[in-house]
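These features come from TrEMBL:
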type	residues	note
TRANSMEM	A:6-25	transmembrane segment
TRANSMEM	A:75-96	transmembrane segment
TRANSMEM	A:108-131	transmembrane segment
TRANSMEM	A:152-174	transmembrane segment
TRANSMEM	A:180-198	transmembrane segment
TRANSMEM	A:227-251	transmembrane segment
TRANSMEM	A:263-283	transmembrane segment
TRANSMEM	A:295-317	transmembrane segment
Amino acid sequence: MDVADVAVRLLAVLLAFLLLPLLVGQGEHKVMAHMQGRVGPMHAGGFHGWAQLVADGVKFVQKEDTIPAGADRRIFQLAPAVALIPYLVVIVAIPLGPDGMVGQVLDAGIFFVLAVLGVGVLGSLMAGWASANKYSLLGGLRTAAQLMAYELPLLLSAASVAMAAGTLSLTGILGAFEWWWVPWQLIGGLVFFTAGLAELQRPPFDAPIAPEEIVFGAYTEYSGLRFAFFLLAEYAGIVVVSALTAVLFLGGWHGPFADQLGWLWMLLKTAALCFVVIWARVAWPRLRADQIQQFAWTVLVPLALAQIALTGVVKVVTS
Amino acid sequence: MSLGSGLAKGLAVTFRTMTRRAVTQQYPETQPLLPPRSRGVIALFEENCTVCMLCARECPDWCIYIDSHKETVPPAAPGGRERSRNVLDRFAIDFALCMYCGICIEVCPFDALFWSPEFEYAETDIHELTHERDRLRAWMWTVPEPPPLDPAAEEPKEIAAATKAAEREGS
């Protein structure tokens, strides 16, 4: 692997990391608006408000970066980076198309991706703990509880796919993929996607940042660029969770003309899942913190275990 | 209703709304369609004003300013008496105070005040919201004609009086 090749791959990963979350953010503006009978941003940039997030970015940069007097300064300043950078790292391992169209092929891809994904949530915990604010602390603790509850179904449903493919590598899983895996792993896919949604603290699992109860949870004390990083992390998280669901449960780049258009199928599947994430936010009310726990332990974990059993049975029968 | 059907209904409603046209009117580009009796601003038809001061006195928050002076008009017929006439010098409404109750318009016996649907007269300084007679007169051009009467409604007072007078002449 020569230097130029690595540079091109890293550049592509960085570009995806900078561009896709903004596209999702703009998509959320517009989709949410139209679902509520509005039109959303229309002026920034001239054409249907395409530059709204650029304008928002400029606004955030201009704002003062305040740190509360009682805050743990170092941790407080570090938290947005801890929340954001793991998603950049995860994108490295997500395959875009066939024949090595991936930042870096990793043999333990699923382990790597899920482990790094878990680090991102630590950013919210650090922010909540370091802010010296009771709302931030409540938000941080809710985040922690949610992380504990939903990491398990996330791992179990991913493990089911790894069992089916017989490999932990994301590219290996896509190599072994057959179309009938989609109905076979359907329950696991739903569990994975739902748990991913909960990890991201997206509605209907947004009790940790519930503005009506605890201001803005762990992000209450943040302003300016650091706050923008947390928002960006949320949208990068949507991209990553949608892309992972597409890779693990929807066959990633598999589709007609996969040799030439594989990357397009992957992007389309990811975009469709991102749309579902936004749709869920518009359509559904927030779950209470205790309902979130109940849902994880009494619904998702048993479903994930059932999926693993099903995967095992089918695997034994077919081999 | 079970839990699942409620969730599906939420998704269906939002998706259906998304496929329909948004109801938003992009204001500066599209002017709103206001109903004819909209209370936008009060216009002054100063030719009808006799400086009777009824509007200024009935105004609940005293936002109408009227100045006038008397002029003497020569007698209509030779040997008659000189008449005096009120001339309007200033008519201003402070729209920072006005609460758009419309009592001045109701109370004007000479049809000199009207509602206009015009609403784009915001200012950056509160003192500039006191609009003088030339501006109030210009708003007269934006006053829509009164909506037609309901079918089988009573005749307007003016027409009823005119027909009665005509009948009297004829008989």
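Placed from the backbone N, Cα and C atoms, the Cβ positions cover glycine too.
With pairs at least 6 apart in sequence, the transmembrane segment (A:295-317) and the transmembrane segment (A:180-198) have 3 or more Cβ pairs within the 8 Å limit; the two touch.
If you count C-beta pairs under 8 angstroms between the transmembrane segment (A:6-25) and each of A:152-174, A:227-251, A:263-283, the highest count goes to A:227-251.
Between the transmembrane segment (A:152-174) and the stretches A:75-96, A:108-131, A:295-317, the greatest number of Cβ pairs separated by less than 8 Å involves A:295-317. The transmembrane segment (A:75-96) makes contact with the transmembrane segment (A:227-251): 3 or more of their CB pairs lie within 8 A, with pairs spaced 6 or more apart in sequence.
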